[in-house]
Every structure is written in C-alpha cells, then in structure tokens.
Amino acid sequence: QGKILEKTGLCSQITFGRYVRQGRKLGVDPKLFIQDLQFNKVPVRVYQPKATSDGRRRGIIFFHGGGWVFGSLDTYEKVCRYISRESESVVVSVQYRLAPEHKYPAAYEDCLNATIHFMKNIELYGVDPANVIVCGDSAGGNLAAAVSQTLAGRSDLPKLRAQILIYPGLQALDFNLPSYHQNRGVPLLFRERAAFFALQYLNGDALHMQEVLEGSHIPPDMRLKYRKWVSPDNIPEKFKVRGVKPLRPTDFIAEVYETVKRFCEPNLCPLLAEDAIVHQLPESFILTCEYDVLRDDGLLYKKRLEDNGVRVTWYHLEDGFHGIISLYDYCGFSFPAGKRGLDSVVNFLKSL
C-alpha cells in the first residue's frame, strides 16, 4: 500500500508506515503515574508505579525500535506500561528524532542527552542512582548499546547497572551472516529492509543499497580488521544448520565506501567498539529470535561481551521473529513467544 501511495504521489512509503504504526493514546492506568516531559529538549514519557516502595526504585531508560525511521511513545505504550508495572520500576520512554529527516547521529544524541539528564536529576523520580538500566529493541537496542558504551568511561555520572538489548542491530558491515540468509524473507524485517533502514539513518536515503547488501562498501583491509568480531566463525554451529549460502566475494567500490564510511563508527555500529570500551560495559541481557535477520548481531555481541569479562544473560526465542515484543497486546492479540520474551526482560530486571 505504501508503494502504491508513493507512486501516485499521495505520500511517501515512510509517511504511510508511520501512520500505520503510530499506535494510540491509552486511558489512565490505575497502577501508574504517567506524564509527558522533556529531558534536555528531548520528549519523554515517564511511568512511575503508584504503589509505595520501601526504598528507591530502579530506573529504566527505554529506546523504541522501528529502524530509526518509525516508532513513537504511543507505539510502545503497552510495552512500557507492562515493564513498569511488572518490575515495579520507573520507566522513561524516549522519543528521539527519526530518520530520514534527522540523520545519524541525531537519534543517538537524543538518547544520550535524555539519559544524562535523567541521571543528573534522578532524585526527582525516586530512583536509585546505582540501579539505572538502558533498554531498547531493534534500532532501540542499537541506541542502548551505543549509549552504554559512551557512558562506560564517564566518571562524572553513576555507572549504569545494566543494559538490555532486545534483538538489536549492531553492525552494517556484513549483511550476509547466516541469519541474514536464513531469514531474508521472514517478516517483520526482511534482509533488504535492514540495509534500507541503516542507510536511511546514516544518509537519509537508500542509495547504494545493493552494493551494501553485496558487501562492496567496506575496504578489504577494514573487513579483515573487523573479521575477528564480525564473522560467521564466531557464531555457534547449531545456528548454521538451516543452511548458509556463501556469496561470491564482490569487488570493493571506493565511491560507495566514501558515502557510508561512518558505518565503522561504534556509535552507529556498537559491535565495532574496541575491547578497552567493551570490557567496561555493565551486566547485560541480550534477547535474540531464531527467525530474525538480526539474530547473529546479538550472538556476536554476546561473544564479545563474554570475551571481555562482562556478565551476560542470554534469552533465545526459538519460535520468535523480529519485532515480536512490540506486538505485545497489539490490537487485542499477542504472540505467546512475545509474552515469554517480555517476561524474560522483567525477570532479569527483578534479579538486579
């Protein structure tokens, strides 16, 4: 439908997609105080349990998914309410600026600035400064990982207690990892759309998408440098049994690299951060889904964290697909696997 509307000139595919995904404002929640605020000029929605607490609560800063292009506070209203209620935590949902109107690093900067504002004013929300967690799904997981890395070296702020990464997208060097081949046509995220979203976030357009998919956007020496972190060799064999179709190597195209070279920045692709940063990261929770092109990004980051001595709790949904958490109680129905995934997040939070 979006393509038809775009061809007729009525609206762009992205505008139509935002309309479909916009969600709706829900009524009053009997268990939560909910208010819309601005943290350092970034719109946020704060969820606070009404029940009395023996001490300060944990605080969760939530970054929504949607390929950096879609998503809003309303889209993730039910998810944030559920996390706040079930874990008895203060949740701050962040409305960062979206691509293609606002290119990288706009979304990252908004998430970082909102997080820092919250940590500097934490006493206003009854939150324990030693128990602040960043959390996000998909593109939001990317943003949570990037914010966590940036704050790892900050001595002027409390250290993050944990990071929760729900099927995160963490690299744009290799769109030919096993999960990209196995799940290339599985909703809700096709292989081509993953590259499309990454390019929209980076450049505000999807030019050179085919070259990026084929891998001709990264110089051979750089590909070799990052192979120790981004390689099928680091993915357990059991995730390759569904078959992997090896691609013929493609020639490097320097002009394409010039337009996408910021893909090598860790704030955009956190999997590429140096070990000196990774080993400072807080305890981590990573959720992956079997039927998801981004599955291997999560598996590769899990290995990097563990190799650097970071404690990782990993939850894998064997029957899950990309975006399943965001479909919790969506239009009156819910996938059992999505509910299990959401409850695994809540259980991890309760364990902190």
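Just so you know, the numbers here start at 1 and follow the chain as drawn.
Yeah, the Cβs are placed from backbone N, Cα and C, and that goes for glycine too.
Heads up, TrEMBL stuff is auto-annotated, nobody curated it.
TrEMBL lists 60-207, 251-325 with the feature domain 'Alpha/beta hydrolase fold-3'. Summarising the annotation, TrEMBL assigns active site to S138, D292, H322.
Residue pair S138 (active site) / H322 (active site) shows a Cα separation of 8 Å. Sorting the active-site residues S138, D292, H322 by the number of other Cβ atoms within 10 Å puts S138 first. Within the model, the domain 'Alpha/beta hydrolase fold-3' (251-325) carries an average pLDDT of 98.
For the domain 'Alpha/beta hydrolase fold-3' (251-325), the DSSP counts in helix, strand and coil order read 32 helix, 19 strand, 24 coil. Taking only the Cα positions, the spacing between D292 (active site) and H322 (active site) is 5 angstrom.
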